[in-house]
Amino acid sequence: MSILFYVIFLAYLRGIQGNNMDQRSLPEDSLNSLIIKLIQADILKNKLSKQMVDVKENYQSTLPKAEAPREPEQGEATRSEFQPMIATDTELLRQQRRYNSPRVLLSDSTPLEPPPLYLMEDYVGNPVVTNRTSPRRKRYAEHKSHRGEYSVCDSESLWVTDKSSAIDIRGHQVTVLGEIKTGNSPVKQYFYETRCKEARPVKNGCRGIDDKHWNSQCKTSQTYVRALTSENNKLVGWRWIRIDTSCVCALSRKIGRT
């Protein structure tokens, strides 16, 4: 198409030159040479374009075909920072350093001592290994022997070994992973929890509270820790869950008292 355009254009120019009697016309051989050069240039351009297309197709054919990402099916949960339960691997355990909480322990054996940050609490050993932990129970309770010092509420701390469910930070019920398979030996998840021994350590409520003006009661308080959990038995990951962490005295003013 471009060659035909060049020929028509040159014929048009030659016709103009023929009508112009005052201007000397171009020599015949010069005009023919110009036409030949234009045709050769157009042929060369088309040839180079075709070669570039062939090279590009050959290069793409040699590249390995990338697998297209699979579209999630309807009703299938998309993967975020949580993994399917069947894919629980060491990568999740490596994240424990980032999500570490002193009250959560992943271990292949039952812990016999409280975490270092909670050595002064009233630690209660695992009932299964009571004989082994009885000296420790005595040692960790020595701080209560100070004269003149009494706790408003009596608390106890222990490693919970059978936690199966919890409430996460969104208020959803999640399943706590009790055992995680990693390599040769599986590890279990333990939670160091603190709770009240009783709601009323004395007759009228909390110890040392003026019962004439106040109603008092010991209540277990909760806070959030990171733990390996699953939701709807599908997605496994580190979530914030609530566990018992302290015992506090709750007060309310008696009606009619000022």
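Sequential numbering from 1, following the chain as shown.
Cβ from N, Cα, C; glycine included.
Quantities reported herein were computed from a predicted structural model and do not represent experimental measurements.
The signal peptide feature in Swiss-Prot is assigned to 1-18; the stated evidence is sequence analysis.
What Swiss-Prot lists as region 'Disordered' is 60-85.
The compositional bias 'Basic and acidic residues' feature in Swiss-Prot is assigned to 67-79.
Sequence annotations record features per position, and here Swiss-Prot assigns N-linked glycosylation site to Asn131 based on sequence analysis.
Per Swiss-Prot, disulfide bond is recorded for Cys153-Cys218 (among others). Cβ environment of Cys218 (disulfide bond): Val152, Cys153, Asp154, Cys196, Glu198, Ala199, Arg200, Pro201, Gly205, Cys206, Cys247, Val248, Cys249, Ala250 lie under 8 Å away, each six or more residues apart in the same chain. Under the DSSP three-state reduction, Cys218 (disulfide bond) is assigned to strand.
Under the heading disulfide bond, Swiss-Prot lists Cys196-Cys247 (among others), citing similarity to another entry as support. Taken residue by residue with DSSP, Cys196 (disulfide bond) is part of a strand.
According to Swiss-Prot, the feature disulfide bond maps to Cys206-Cys249 (among others), an assignment based on similarity to another entry.
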Between the disulfide-bonded residues Cys247, Cys249, whose Cβ has more other Cβ atoms within 10 Å than any of the rest?
Cys247
